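**Q** According to TrEMBL, the protein has these features:
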type: TRANSMEM; residues: 39-57; note: transmembrane segment
type: DOMAIN; residues: 72-267; note: domain 'TLC'
type: TRANSMEM; residues: 77-95; note: transmembrane segment
type: TRANSMEM; residues: 111-128; note: transmembrane segment
type: TRANSMEM; residues: 135-155; note: transmembrane segment
type: TRANSMEM; residues: 161-184; note: transmembrane segment
type: TRANSMEM; residues: 196-217; note: transmembrane segment
type: TRANSMEM; residues: 237-255; note: transmembrane segment
Amino acid sequence: MGDVLSEYAEGLRDACTNASRPVADFLGASKLPEHADTIFLSFLLFLAVHQVLAPHFSQKWFPVAYGAANSRGKNNWSIHVVSQVHAVLIISWAWRCLWLEELDKDKVSGWHHRVGVLNGIACGYFLWDTLDAIVNFVDLSFVIHGFACLLIYALGYRPFVAYYGVRCLFWETSTIFLNIHWFLDKTGRTGSTFQLINGITLLGTFFFVRLVWGGYISYNFLATLYATYHELPLTYTIVYFVGNVVLQCLNWLWFGKMVAALRKRFAGAPKSSANGKTHNGKAH
């Protein structure tokens, strides 16, 4: 049995490697084929959580709140479960990459196999995220966010700026509290003390992790990009510069929306239903 599974895994790895070579050549991402299987398996994991695991366990553990939702509301619920799984998984793995000596020594092209796995998890998630944002379209900003992140982490397989890529993934810390806030709404705990505490924690983590620390990382990244742009293909310079600026602008936009939403919530707004519109861990 073990030999059969080993052969199957090897066959899958070879198939993913071969299938990814044209994409890797087009992007100039030489390390991508080595981790194509991780990207594929990551995508399948999040797809399975979205389509199978989240609906099954949500119905089992929250029969009233989940059962009362319409099809769109149930899909939104599953989206938040996927977002939470990704946030916990990616932060845990990014923590293992935070102090890698190879990245500290070379912030532009430093590389480690562990980062390849991290990027693979991220690419698989953002591939799912982008496709879901298109299929269940709500707002163009979510499509842009998903695709920008997918492209940035795929191009990181050059290898390129893995040092900064690891740190930017810690932005997902705030997503954990945003999802908790959403689930509290859907399970009848709107306006509760727990939600107030979680809301304050959400704003605090979003502000300090995404805007303050994230802004600091983005500034240093842009300085590094400016110092090395003459050594890079024009595509990389454009994608990383525009992507960085767009993602920072979206962070400020979402922060403003969260502040407004929390003010309204604790000013006595009515409770929302399980069918409220949200997308991939970002409420709106």
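Note that Cβ sites are derived from N, Cα and C of the backbone, with glycine treated the same way.
Can you tell me where each of these features sits in the structure?
**A** Remote same-chain residues near the transmembrane segment (196-217) are listed as 164, 167-168, 170-171, 173-174, 177-178, 180-181, 184, 248, 251-252, 254-255, 258-259, 262, 265-266 (criterion: CB distance under 8 Å, separation of at least six residues from the stretch ends).
A Cβ distance under 8 Å defines the sequence-distant neighbours of the transmembrane segment (237-255), meaning residues of its chain 6+ beyond its ends; these are 141, 144-145, 148-149, 151-152, 155, 160-161, 171, 203, 206-207, 210-211, 214-215, 218, 221-222, 225, 229, 282.
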**Q** Which one of these stretches, 39-57, 111-128, 135-155, 161-184, has the most C-beta pairs shorter than 8 Å to the transmembrane segment (77-95)?
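**A** Between the stretches 39-57, 111-128, 135-155, 161-184, 161-184 has the largest tally.
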**Q** Averaged over the whole of the domain 'TLC' (72-267), what is the pLDDT?
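**A** Mean pLDDT, the domain 'TLC' (72-267): 92.
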**Q** By a Cβ-Cβ criterion of under 8 Å, what residues six or more beyond either terminus of the transmembrane segment (39-57) are in contact with it?
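**A** The answer is 12, 16, 20, 74, 77-79, 81-82, 85-86, 120-125, 127-128, 132.
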